[in-house]
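Pulled from TrEMBL:
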- B:113-408: domain 'NADH:quinone oxidoreductase/Mrp antiporter transmembrane' (DOMAIN)
- B:61-80: transmembrane segment (TRANSMEM)
- B:115-134: transmembrane segment (TRANSMEM)
- B:146-170: transmembrane segment (TRANSMEM)
- B:190-214: transmembrane segment (TRANSMEM)
- B:226-246: transmembrane segment (TRANSMEM)
- B:258-279: transmembrane segment (TRANSMEM)
- B:286-306: transmembrane segment (TRANSMEM)
- B:318-340: transmembrane segment (TRANSMEM)
- B:361-383: transmembrane segment (TRANSMEM)
- B:395-415: transmembrane segment (TRANSMEM)
- B:435-457: transmembrane segment (TRANSMEM)
Amino acid sequence: MLTLSLFLIPLIAGLVLLNIKNKSLASSISLVVSFIQIAVFVYAFSVFKDNSALLTFDKPWLSDFAIRFHLGLDGLSLVMVGLTVVLVAIILLAIKNLNYENIPRLLGLILLTEAALVGVFSAKDIFLFYFFFELALVPVYLIANFWGGENSSKITFKMFVYTVFGSLFMLISFVLLYMRGQSADIESIKVTVSLLPNLIKQILFWGLLLAFSIKMPIFPFHTWLPDAYSKSPTPATMLLSGLLSKMGVYGLIRILLPFAPSGVQMYGEIIIILAVVGLVYGSIIAIKQNEIKRLIAYSSFAHMGLMAGAVLTLSVTGLQGAIFQMVAHGFNAVGLFYIAKIIFDKTGSRSLTTLGGMTQSAPVLTVMFMVVLLGSVALPLTNGFVGEFLMLKAVFDFNHVIGIVAGLSVVFGAVYMLRFFQKTMYGPSNDSTINITDIGAKEMMVLVPIVIVVLLTGVFPNLILDISGSFVNSLGVLNK
Amino acid sequence: MYPIIVFSVSGLLMLYLGLSVSKKSLLPINLGFLIIGLLSNFIDWNAPGLYFNNMLEVSNTLILVQSVVILAAILVAGLSSKLFEDAIDHPAEYYALMQFAVVGALIMVSFQNLIMLFVGLEILSVALYVLAGSDKRNLRGNEASIKYFLMGAFATGILLFGIAMFYGATGSFDINSGSSVANNLPEGKIFFWIGLIFIFIGLLFKISAAPFHFWTADVYQGSPTIFTAFMATIVKTAVIFALYRLAVYSFSFEYDNWSKFLVIIIGLSMLIGNLTAVYQSNFKRILAYSSISQAGFMLLSLIGLGEQSFGNLGFYTLSYAFATISAFGVFLIVSNDQLVDGRPNENINVFNGLFKRNPDLAVILLISMLSLSGIPLTSGFWSKFFVLNDAATKGYLWILIVGIVMSAVSLYYYFKPIRATFGSTESESITVSSLAKATLYVCGAMTVLLGVAPNLFRGLF
C-alpha cells in the first residue's frame, strides 16, 4: 500500500497541477506533495525491515495474460525510490524560483515524471517495468519541448527516438521471456531463465543490454547525450541526468543480471571495456569543454560508464559501489546543473572563457559549489569517494589493466572539475561577473540539502550500503 | 442483427428527411439513429446462434466488435457538426450513405455465408465510393472517387471469382464447408487454393495491405477528411474481422501454408507503410501510409490465430478507431481554419503553433499520435503488444523484430505533427464546436483510459 501511495500521490498531484493557473498555489501544492512523499518514504523505510507486507501492492492488471500490477520495495528499490523522492523534492524547490513561464504545468510534469520513476523502481512485473520505463520519458520530452530553446525540439526528439528504439528491444526480450514461461513476474522469471535455449539467452542479453546502455548511456550509444543535456532546459536536464539515467543502471542490476547471467559471464568483459572507454573518453572531452552544461554532461556520461562497468564485474563491491554512486551522482549532477543555471542567470553566460572571479561577489555560492564539486571529484569524506572507490576496486579486481585505465578517470575528473571551478570562481573578474549578487535564501534552500547529503552520505556511507547490501547479498548471481 | 435492420430503415428515412427537415437538425437525428442502433445491438446479448437460414452469426464477442463499428460511426458523425452547412452540401445523403456503409460493415463482421460477405462488402464499398467523391468541386476528390471505384471494383471481382472457386471446391457457400475439402481429392484442392488466394487478395486490397496498397494514399488524400476518417476506421475493422472469420472457419486447416505468405505480406506492409510515411509532408498521406502499417499489425492476429487473437484484434480496432478519429478530427478542425487557395491546408505545417492556438486540441493530437506509435499509457501500446504477442506464440521472431524496428521508425513521422504544435505562430486561437470538442475529448480520454486499464474492454472477450 505504501508503495502504491508513493506512486499515486505524485500522479494525482501532477494531473491537478497541469490544470492550475495560479503560480503560488501550484508551488505550495508541489511543496506539500514533496513533503508528504518524503514522510511516506520515511515511514516505508522504518517498516522495511520487519513489515514488508505493507510495501507491496499486487492486483491483476491483464488477467488473460497473467500480467499483474505488482509494486514492491526491496533494498535496491528502496534506495532508488528514496533517491527519486528526495531529489524530486529538491528539483521542485529549485524550479519554482526560476524564471520559467507557466510554472504550474512544469511542476505538474515533474511530478508525473516522479510517479513514473517510482513505478520503474518498484515494479515487480516485467511489463509494468517496461510500461513505466517508457512512460518516464514522455513528461521529460514535453518539458524539454515547451521550455527549451530554439533547437531543443529537434534535439529532444533525437533523444526520444534513440531511447525508445532501445527500449523496444527490451520489449522484444520481454515478450520472448513471457512466451517461454507464461509469466511476467520478475521473481518467477529469474527461476525459469536458466532453462532457456542458448539462442534465446543470447537474444535476451543483447536486447536488454541495448535498451539499458542507450538509456545510461554507455559508449558508443552516447551521441544523444551531450546535446540533450546541454540544450534542454535545466529542469529537463536535472531529471535526465539525476534520475532517468539511473533507470539504465537500475535495469542492468534488476533485469539484465538475473535474466541473462550467462550472457553477462560471456560478454561482460567486452562491455566493461566499452564502459571504461566511455569513462576515459568522456573525461577527456570534458576537459576540453568551454560550455559549462556540456562539461557537466560529459562528466555525467563518464560517471555512468564506470557504474555500468562496476555492475558487470558481478562482484559485491562493484554492485554496492554502483548503487551508492547512483545516489551520489544523482545529487551531485542535480547540484552542478543547478549551479550552472544560477551562474547563467546571474551572468548571462555559460562559457568558461567569459566567466571568472565570481568568488569576489558570491562567496556563499563558491562554498556551496566547492562542496558539490568535491563530491563530484570523489574527495574522501564526500559521497563521490565511497562509490568511486568501491567501483574502481571492483573493476581492478576484475582485471588489473582495465582497473588502472579506469583509475585515470579520477585524475581527469579532478582536472576538468577544478578547471570548471577555477575558470568560473577564481581569476580576474570581468564586466559580467563583477556586479553579481550572491545567492540568497531561495537558492540556499536547494543547495544546503544537497550539501548535507553530500557530506552525510560521505561520512556515513553505511546509511545506504546497509539497505542495498540486503539486496546485493540475496541476488545470487554474483561471483564468489 | 438488429442494428442491420435499424440502419437499413433509418438510412432510407434519412434520405426522405433531407427533403423536409432543416440541415441543422439532421445531425442530431443521425446521431439518434446511430445510438438506437448501438443499443439495439445488445438485444441479442446472450442469445448466440445462427440467423436467417445460417446467413449470419450472432454471439457476444461479435456484438462487441459490431459495437466498435457503430461507435466509430457515432464518433465520426460527432465530428461532422457544423461541417455541412454550405448550400452545395447534402448532409442527408451523406448520413444515409454512412448508415448504409455501417450496415455493410456489420454484415461483414458476422457473415456465415460467403454470399453475405460479398453483399456486405458491396454495400460498404459502394457507399464509400460515393462519399469519397462527395466534394464535387474538388478535382482530387473526383480522382480519389474514380480511383477507389475502379480499383475497388476490380478487387471485388477477384473476391467474387475466389468465392466461385471456393464454391466449386466445396459445393457450399457456408464458411464452415472449407474443412470438408481436407479429405477431398487433390483436383478439388486446386480450386480451393485458387479460391483461398483470390479471396485473400480481394480482402487484403480493401484493408490496404502491401502490395495491394497503391490506391490508399491518393484516396485518403482526395476524399473529404471526415470521410477519410470514416473509411480508415470502419473499413479496416470490417475487413480485418471478415478475414479473421475466414481464417478461422474456412481456411484454418491450411494454416501452415498460407501463413507463410501472409507473414510476408505483413512484413511488406510494415516496411512500405512506415518507410514511405517518413517522406510525406501531407498529413492525410502520412495517415494513409500509417494505416498501411497498422493493417500489417492487425494481420499479425491472423498469424497468431489462438484463443486470445479475437480479443486482441477487437482491442486493436477499438484503440485504432479512437486514435485515428481523434487525429483526423483535430486535423479537420485545424485545416478548415487555415485555407490555402480556398482549400483546407493539408500540409503538416498546419499544426504549427497549435499548442498556443488551442492547447486542448494539441493535447488530443499528442495522445492520438502517441497511441498510434504505441507508447505506453495509451491504448496503442497494448494493442501493439497484444498482436506482437500473438505472432510470437507461433514463433515468428523475425516479424516481431521487423514490427518493433518499424515502430521505432514510425516515431519519426508521428512526432512531426507533435513537434509542429510546439512551434510559434501568428495565427489566432481556434474555436471548436462543442459537439466536435466533446467527441475529441471522449477519444482522447478513452485512449488514455484503455492505456491504463486495458482490461476494461479486453476483459469482455
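Count begins at 1; order follows the chain as displayed.
The backbone N, Cα and C atoms fix where each Cβ goes, and this holds for glycine too.
TrEMBL: automatically predicted annotations, no manual curation.
Listed by sequence, the residues of this chain that lie at least six past the ends of the transmembrane segment (B:258-279) yet keep a Cβ under 8 A from its Cβ atoms are 196, 200, 204, 209-211, 213, 217, 251, 285-286, 289-297, 299-300, 302-303, 305, 391, 394, 396, 398-399, 402-403, 406, 409-410, 412-413. Of the two recorded stretches, the transmembrane segment (B:318-340) does not lie close to the transmembrane segment (B:115-134), with fewer than three CB pairs under 8 Å once pairs fewer than 6 apart in sequence are set aside. Here the listed stretches are B:146-170, B:190-214, B:226-246, B:286-306, B:361-383, and the one with the most C-beta pairs under 8 angstroms to the transmembrane segment (B:61-80) is B:226-246.
Between the transmembrane segment (B:115-134) and the transmembrane segment (B:395-415), the number of CB pairs under 8 angstroms, six or more residues apart, is fewer than three, so the stretches are not in contact. Long-range Cβ contacts of the transmembrane segment (B:190-214) within its own chain (Cβ-Cβ under 8 Å, at least 6 residues beyond either end) map to 121, 125, 151-152, 155-156, 158-170, 178, 181, 184, 235-236, 239-240, 242-243, 246, 250-251, 254, 258, 262, 265-266, 268-269, 271-273, 288, 291-292, 295-296, 298-299.
Distant neighbours of the transmembrane segment (B:435-457): 27, 75, 78-79, 81-82, 314-315, 318-319, 322-323, 325-326, 329-330, 333, 360-361, 363-364, 367-368, 371, 376-382; these residues of the same chain sit at least 6 beyond its ends, with a Cβ under 8 Å from one of its Cβ atoms. Residues 290, 294, 297, 312, 315-316, 318-320, 322-324, 326-327, 329-330, 333-334, 351, 354-355, 407, 410-411, 414-415, 417-418, 421, 430, 432, 440-441, 443-444, 446-452, 454, 458 of the same chain lie 6+ residues outside the transmembrane segment (B:361-383) yet bring a C-beta within less than 8 angstroms of a C-beta in it.
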